[in-house]
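What follows is one structure encoded as structure tokens, with my remarks underneath.
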């Protein structure tokens, strides 16, 4: 039975990857993600946004004592600490990749995929606009805590904190995956994405307010994009699927190269 289920799943994936409806949408997700990565590269060259961290620090739950106590509590329970690290370093990129794979390719839920794409676009757009004008710094940055941070790479910038795009995307994923909550992989993905805010807070990468604002933004975006559909032009339906596959593979190759550069290129 397990073998039959696995074979059926692989056949479903193979069938999806021969469908232009899937391939064009997959290309759209690639463009969105690597468009965000390009923004991350260019952000240091944009006029500096205003640092409003001092205003945030006037709020409750932002003191050094609270942040350090939260981090130490996580470290004192090793299974919990390693779970939080695993969830956090599964990362922003992996949560997107897994959600897109299952929604678009494995389940071939085009309606949910269209909503997901619109939600990602608005998340990138609204968070990006915010970071251009104002920003705050992360708890570990403010209090000089010894934690491993992806802001040391071009995957993100130290100013990308409030609202937390990481938490916004996780919440958007949960909202979109909710239609598949009865499926085993739906349950797994919802659970993983639901742990993201805890990992960002307990590891001192984000303030509580970053996570809350991310949830609120995702909720508004989810409502605004409910029922959104993408109608492909007829010309794209007539493109040979093999040619569309080649375009998609080229996109993955280019995107993969950019991702490696973002990870490996040292910041000045």
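Note that Cβ sites are derived from N, Cα and C of the backbone, with glycine treated the same way.
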Annotated transmembrane segment segment (source TrEMBL; candidates 50-69, 190-209): 190-209
Which range of 26-46, 215-235 is transmembrane segment, per TrEMBL: 26-46
Listed stretch, out of 26-46, 119-140, 160-178, 190-209, that has the most CB pairs under 8 angstroms to the transmembrane segment (246-265): 26-46
Cβ contacts the transmembrane segment (190-209)/the transmembrane segment (119-140), at least three under 8 Å, sequence gap 6 or more: yes
Per-residue pLDDT averaged over the domain 'Inositolphosphotransferase Aur1/Ipt1' (96-221), given as an integer: 91
Non-local residues, at least 6 beyond the ends, that sit with Cβ under 8 Å of the transmembrane segment (160-178): 40, 56, 92, 95-96, 99, 102-103, 112, 115-116, 119-120, 123-124, 126-127, 130-131, 135-138, 151, 186, 189-190, 193-194, 196-197, 200, 205-207, 209-211, 213-219, 221-222
